[in-house]
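Remarks on the structure that follows.
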Amino acid sequence: MEGGRCAQVSSVPASPSSGHRHRAALILARGGSKGIPLKNIKNLAGVPLIGWVLRAALDSDVDSVWVSTDHDEIERVAKLWGAKVHRRSPEVSKDSSSSLETIQEFIRLRPEVDVICHIQATSPCLHPHHINEALQKITHQGFSYVLSVVRRHQFRWEELQENEDRNPKSFNINVAQRPRRQDWPGELYENGSFYFSTRKAWESGLTELGRIAYYEMPPEFSVDIDVDIDWPVAEQRVLRFGYFGREENAAVRLFLCKVSGCLTNGQIYMSVSGEDLVTINARDVAGIQMLQKENIEVILISSVNEPLSRGVLEKVSQRAGCGLSFTEQRNALEMQKLMDKRKLHWDQVAFMGSESEDVEIMSQAGLNGVPSDAPVAELIAAKYTCQRAGGHGAVREFAEYILSMKRKSSREENHERIDKHNF
């Protein structure tokens, strides 16, 4: 089984219900996080933390995806990523409120829901197949409760109080016969990615669970974020093992970049002689060159609606060392003409935009990105949101992201080519 293993851990009689059962994914995202303020919508590798699990849930076999929150900004981000929002009541929005209380409120208001897939927002390496395989334990095999676990090889010891004068006891190791890692299967621990259960189990307060199963996830997908120190580790892990959607981005052959607001900071300076002046960042130029070295063509795009004159735009493209497309309108139809000349498809195009009129192209491109200060970020869930602003290294940052996705896909292709039977 890809990515995980399922197992039964209890045998109370139960059987799958006949007919379709509404399966709802539910992510709890309260605004009052104590460890990292508003961590659920803080960007992790260019995507809001909650966006990683929403992307996986939306591409899975569940019937609906919900975010339960008490915060306006979390609600906005959740809707932007395609989720429905359950606005929780003040009674279940307190620091002392439990997840169980919040889920019970949700199912009281949603009588159509039969199976609740409680997914943790802090598990950014979750993939749709993890959700689907665990969900089948309930929908096809008659289990009532499924939790995600990870296998760890850790020896546990008893904790003593300071005033206790005795030796601590070992829980799972004989000190005189310490096994090698490869000789010990390890133990299963909850990894906190998800808890799936039938409506009846949640309504009972999890006191009547019926048949229980666990779903084992490999360690590389078992990432949890609780405090600041977890963030950089999770960022590196998600770039390699996170779920980036159904599209294949390794085939990017054309990068289209808007000039004003992306390559420049959107400001226009005027010389004493009345000439328009703009600045471009040397790091962005280096990023363009990085893509070109990987045989990715770079074209700056602009239109008659841009505040910059065509002469200035041509100088910018010359300095950046790439092509320029100057059109009557900046829309998907004009970009399609560029692609047709090169016999390319949208999934082979990466696009960087910044304004509301860029939404159409962003929604078509196989890979899209925005600077940190882009107004369009309020309108569409970008696949990558830069930490840097337009004209301040955002193009370089997005270029590095494009290349990292290409390397990631190459690793996966090489892994698939390995003959595991003769390895």
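Heads up, the Cβ atoms here are built off N, Cα and C, so glycines get one too.
The substrate binding site annotation in Swiss-Prot covers R30, N40, R88, S97, S99, Q120. What Swiss-Prot records for R178 is active site.
Of the recorded residues, Q120 (substrate binding site) and R178 (active site) place their C-alpha atoms 35 Å from one another. For the pair R30 (substrate binding site) and R178 (active site), the C-alpha distance works out to 44 angstrom.
Cα separation, S97 (substrate binding site) to R178 (active site), rounded: 43 Å.
Listed recorded positions: R88, R178; maximum Cβ neighbour count within 10 Å falls on R88. Ranking the binding-site residues N40, S97, S99 by other CB atoms within 10 A of the CB puts S99 at the bottom. Between R88 (substrate binding site) and the residue listed as 'active site', the C-alpha separation comes to 50 Å.
Its Cβ placed at the centre, Q120 (substrate binding site) has 20 other Cβ atoms within 10 Å.
Note: the Cα of the residue listed as 'active site' and the Cα of S99 (substrate binding site) are spaced 39 Å from each other.
When other Cβ atoms within 10 Å of the Cβ of R30 (substrate binding site) are tallied across all protein chains shown, the result is 21.
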